[in-house]
Amino acid sequence: MQILPIFFPLLITSLHAIPRGRRAVRNRNEGDINSLVGVGQYLYQGDIAVVKSRARRAVIRQKHKKWKLPMPYSFDRNFPSRSRQRVLEAMQFWSEKTCVTFHENRYVYPHVSIFEGNGCWSFVGKQPSLREQSLSLERSCTDHTFVVAHEIAHTLGFYHEHARGDRDQFISIDYSNVNPNLTFAFAKESEKQLDHQEAAYEYGSVMHYSVDQFAVNTNRPVIYARDQKFAQAMGNRMRATFQDVSRMNVLYNCHERCANTLNRCQQGGYPAPSDCSQCVCPDGFGGNFCETIEAHSVGQKDNSDCGGVLWASETSQTFYGAVRTRVHSNSVLPTPEHCFWHIRASQGKSIEIQIKNIISPCSMSCSFNALELKLSNFTMTGPRFCCDEHIYNRYSQPKVFQSEGPLAVIGAYARYDYLDFNIEYRAV
């Protein structure tokens with residue numbers, strides 16, 4: 001298996017020369033894993049392999065760098081069966097939500113060769129000069145289905161969300177807290193090179209790095225959201241978001257498949273390219289036309305505290321919710337358990353919410369569990385929290401959140417142990 005050299009300023013090396021280093025801490029994202037195994041400094045933006053000639057965009061624009069579908073791929077003969085299952089799960093996610101399909105065939109060229117290399121990395125889009133295009137997934141990478149989905153998205157043509165040329169309107173980078181060997185991982189693309197499909201900035205994108213990515217002092221953020229409500233929404237890989245899916249559908253012209261289908265989908269949803277009779281719905285919505293609540297994950301079927309519809313009145317009410325994993329060891333779930341709630345009020349009203357407490361494994365980036373509030377544009381990721389410090393102001397009072405209309409959506413995700421919370425809400 002050949003792996004071409006990668007080039008960027010002050011660094012010309014070969015991936016063959018990358019030291020294995022110490023094993024990655026489990027259950028982090030691809031950037032952390034690559035940094036810990038010693039390969040991050042050899043990869044553009046921390047997990048991207050590049051050839052000498054490249055064009056950098058949020059998504060690729062050149063037609064010759066998009067894959068003819070189904071995208072052919074092969075597994076290295078020594079690729080672990082457990083890791084293979086994670087790859088197939090990630091591929092299934094993209095196939096169910098888009099028109100992108102995959103076909104295992106090592107005898108077609110070019111194709112993607114998936115192997116257990118050093119770290120988690122991929123090229124961006126099809127590389128016409130390569131017969132076998134490498135996609136490296138060491139075992140730590142496959143602890144999390146959506147770390148794999150992130151790398152597959154690179155292979156299909158996605159760059160990082162935080163590399164957008166307009167990113168300074170939405171985030172700032174504290175370079176004083178970035179590992180000096182990895183400052184280039186936060187390279188920003190120029191507007192002339194950028195193709196972000198005129199999409200809104202998605203803090204929760206599966207292509208966004210986390211708030212503490214490559215930090216020297218892990219008690220301080222590296223990435224600061226201009227809107228601090230979204231500080232913990234960045235990079236926790238709970239799922240590829242509705243916006244990620246929509247951009248993939250635009251990139252591969254998937255909407256053409258349902259061009260003659262009446263769009264009856266609500267809340268910004270649209271006919272699913274894989275089955276035009278179904279809808280691709282924003283996170284938190286389900287049913288035939290996105291008219292109802294998204295179903296809970298299979299593991300929550302016996303959890304009476306998971307999900308439901310609540311009606312707000314002008315009198316404050318409280319409710320308790322929980323999502324549980326039954327995982328209490330050093331391992332975590334590859335895909336989080338999830339529950340959703342809709343809080344509704346009468347027309348002309350909005351909903352005021354205070355989160356009284358959260359009981360959950362706490363981390364700066366909420367990489368294990370998270371509670372999400374969607375208060376306005378339901379097609380975008382909302383603020384996420386996993387610690388009491390995230391929900392209290394400097395006066396030790398619960399922060400007050402208010403929806404823009406008569407609907408608020410609450411999502412709870414857990415990959416480890418459980419997440420319990422108490423909320424007070426009312427119509428205003």
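Note: Cβ is positioned from N, Cα and C throughout, glycine not excepted.
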Cysteine from Cys254, Cys258, Cys290 that Swiss-Prot links to Cys276 by a disulfide bond: Cys258
Further Zn(2+) ligand in Swiss-Prot, beside His150, His154, within candidate set His160, His162: His160
Swiss-Prot annotation, disulfide partner among Cys99, Cys120 for Cys254: Cys99
Additional residues around Zn(2+), ordered along the sequence, whose Cβ is within 8 Å of the centroid of His150, His154, His160: Glu30, Asp47, Ile48, Ser122, Val124, Glu151, Ala153, Phe158, Tyr159, Val206, Met207
Residue among the disulfide-bonded residues Cys99, Cys276 whose Cβ has the most other Cβ atoms within 10 Å: Cys99
Using Cα positions only, nearest of the binding-site residues to Cys281 (disulfide bond) (His150, His154, His160): His150
Fewest other C-beta atoms within 10 angstroms, as judged across Cys120, Cys254, which are the disulfide-bonded residues: Cys254
Neighbouring C-beta atoms (10 Å sphere around the C-beta of Cys258 (disulfide bond)): 21
